[in-house]
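This report concerns only the one structure given below.
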Amino acid sequence: MREIVHLQTGQCGNQIGAAFWQTISGEHGLDSNGVYNGTSELQLERMSVYFNEASGNKYVPRAVLVDLEPGTMDAVRAGPFGQLFRPDNFVFGQSGAGNNWAKGHYTEGAELVDQVLDVVRREAEGCDCLQGFQITHSLGGGTGAGMGTLLISKIREEFPDRMMATFSVVPSPKVSDTVVEPYNATLSVHQLVENSDETFCIDNEALYDICMRTLKLSNPSYGDLNYLVSAVMSGVTTCLRFPGQLNSDLRKLAVNMVPFPRLHFFMVGFAPLTSRGAHSFRAVSVPELTQQMFDPKNMMAASDFRNGRYLTCSAIFRGRVAMKEVEDQMRNVQSKNSSYFVEWIPNNIQTALCAIPPRGLTMSSTFIGNSTSIQELFKRVGEQFTAMFRRKAFLHWYTGEGMDEMEFTEAESNMNDLVSEYQQYQDAGIDEEEEEYEEELPEGEE
């Protein structure tokens, strides 16, 4: 089977990761101790992608939990699914990274990284045919961002031909935890551009908006936000976990989604969005799902795709869905919104189907889009970065850990390059059209 090894680093990564394991354990019919008591053969068929079968009919996640302080780990261990994980796979330091990327990447994190790699190696050796790695982390802090990117580059060195997918929580404009988020995020993106194959961008503000607007929660907790993220993660990985008519794995997804190697930052969405308690009391149809899925309000990253164009996108439908209906809907979306799709990649919507819906729903869909409007997100972080870096504010925290200002300058220019690459492809048309257009302009201008 094509296994995936999952890593979660830092507080945010561990909380999202815990929600993800809770969600998929439920989908595969596992209780909180990893014992199978499901009803469908399909739940077992590809269980081994994420779970290792231990003795006594118990399934153990292929998960490695990493943090530089013990706090979050204790919370995961004490949480509802704490007994699911293999105790040896908790790797933690004592000192914490204090929201400092340099500590996570160069000092504290670097001391712990070999211990983590040992566990990763052990998990990888337990696989028949390892497909790749997925990592959940945030880009704004110290451990998830600094140590997370360190792990990614180390794993890249050791497993150069395996896929690397990241679920990265990007700092959002309104919801900020720390002042130095722009530094940490820019330094992280600098790493992700080079070392990740696909990065799913999630941001807290967009999640808050979805909770308030669509789910009608007046005061959303992190639990509610994590629930949304885990729904998307479950959707993105459905095709890997269940048999379906049209299955894709991480590599197929990348082949279809990444036209240029650096442009692998995706926006994600999910439908139907229903609040946690009220599992929808109405029937859901494919057109409805499609409409909600392409709605800018449902994107989990704070950038509006109407300000850019889609290079590629992928839709994953779950439940009893007719292939033809899905394809018609997709064609429909593309022809209605053709201005939001680049015309130089024909058929740039890819669809996948899976027969098993998430718990409590009859059907659902997950959306993954590679849109040039994601540059808004990087632009925003870049502007905040420049504002602070120009004054060299807070730099001593980083240089004190042995970093060089040069590295900041490089990260900044790499991020600016990324933004202009997205812009370049947003403006690019098909050459012939552009030439005709230029000839027509003079007489038809006024």
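Here the Cβ of each residue, glycine as well, is placed from N, Cα and C on the backbone.
Per Swiss-Prot, the feature GTP binding site maps to Gln11, Glu69, Ser138, Gly142, Thr143, Gly144, Asn204, Asn226. Within 10 Å of the C-beta of Ser138 (GTP binding site) there are 30 other C-beta atoms, taking all protein chains into account.
If you look up Swiss-Prot, you'll see Glu69 marked as Mg(2+) binding site. Counting only residues at least six positions away in the same chain, the Cβ atoms of Phe92, Gly93, Gln94, Ser95, Gly96, Ala97, Thr143 sit under 8 Å from the Cβ of Glu69 (GTP binding site).
The compositional bias 'Acidic residues' annotation in Swiss-Prot covers 429-446.
Sequence annotations record features per position, and here Swiss-Prot assigns region 'Disordered' to 422-446.
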If you run the three-state DSSP split on Asn226 (GTP binding site), which class comes out? helix
On the Cα atoms of Gln11, Glu69, Ser138, Gly142, Thr143, Gly144, Asn204, Asn226, which are listed as binding GTP, what is the maximum pairwise distance in Å? 23
Reading the DSSP string in three states, the entry for Asn204 (GTP binding site) is helix
